[in-house]
Amino acid sequence: MVDSVYRTRSLGVAAEGLPDQYADGEAARVWQLYIGDTRSRTAEYKAWLLGLLRQHGCHRVLDVACGTGVDSIMLVEEGFSVMSVDASDKMLKYALKERWNRRKEPSFDNWVIEEANWLTLDKDVLSGDGFDAVICLGNSFAHLPDCKGDQSEHRLALKNIASMVRPGGLLVIDHRNYDYILSTGCAPPGKNIYYKSDLTKDITTSVLTVNNKAHMVTLDYTVQVPGTGRDGSPGFSKFRLSYYPHCLASFTELVRAAFGGRCQHSVLGDFKPYKPGQAYVPCYFIHVLKKTD
């Protein structure tokens with residue numbers, strides 16, 4: 001029988017409040033395999049992020065979408081003072097495990113990890129005088145749906161995130177190239193700029209429209225899982241994640257508004273300066289905002 005319900009996430013994943021799309025544990029486990037550890041980060045990404053933070057004299061960093069902690073671990077290893085938060089306790093357990101395993105290293109013993117929600121971030125996180133940099137990378141912000149249909153929760157979340165940045169500090173936030181996805185129905189053909197994973201076998205893209213407006217993009221991942229076959233051979237695991245399709249122009253307006261317009265803003269396409277109409281089609285847009293007041 002045909003399933004008449006369009007499932008936006010893998011079964012067992014929470015659907016109330018800010019959705020934890022990794023709540024069943026299995027998606028979190030497979031995602032950890034997919035992204036790997038800090039060694040699986042591309043050299044280009046690592047060099048770009050570390051260079052950006054050091055160029056602006058950043059030391060105290062808030063990772064507002066730390067997931068399993070892979071970016072935070074990289075920053076802690078590089079000498080930054082890091083606070084890491086995420087709404088998914090299933091994802092955070094991997095970060096907490098790494099901190100425990102490396103607790104004898106002072107930098108890891110001082111690493112702060114908390115569960116927090118973007119919609120209540122101003123209450124969940126004590127920012128003090130603000131962080132030198134706040135990062136929200138890996139298409140993480142697109143996990144927040146537009147439940148009310150007016151993007152009010154997007155605006156609230158971005159305002160809360162921006163409030164964590166000290167005057168003169170940075171917000172670094174990204175999203176996939178949804179302009180391309182919505183116009184073609186598939187993701188750009190380039191490589192993943194963040195992960196060197198060789199376990200991905202297939203990613204299927206679907207676009208859900210409501211009243212002729214793109215409302216959601218779902219990605220169905222098929223990932224090779226080593227040693228799960230009956231004879232010890234690799235098996236396969238599938239899971240679905242849903243995202244709000246932020247287009248470049250509209251997201252630019254949202255994120256600038258979060259700072260009340262008091263910011264310097266630049267857009268990169270796959271870590272390179274982006275110019276509308278350029279020949280190269282980026283997989284990700286990265287927004288770098290410097291708070292000016």
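Heads up, the Cβ atoms here are built off N, Cα and C, so glycines get one too.
Of Tyr22, Tyr34, Tyr195, the one with phosphotyrosine in Swiss-Prot is Tyr34, while the others lack that note in the record, though it may still apply to them. For the residues Lys46, Lys93, Lys97, Swiss-Prot attaches the annotation N6-succinyllysine to Lys46, which does not rule out the feature elsewhere. Feature annotation from Swiss-Prot across Lys159, Lys191, Lys213 places N6-succinyllysine at Lys191. Noted from Swiss-Prot: of Lys104, Lys148, Lys196, the annotation N6-succinyllysine belongs to Lys196. The candidates are Lys201, Lys238; Swiss-Prot tags Lys201 with the feature N6-succinyllysine. Looking up Ser10, Ser140, Ser250 in Swiss-Prot shows the phosphoserine annotation sitting on Ser10. Taking the binding-site residues Ala87, Leu137 in turn, the residue surrounded by the fewest other Cβ atoms inside 10 Å of its Cβ turns out to be Leu137. Classification of Lys46 (N6-succinyllysine) by DSSP places it within a helix.
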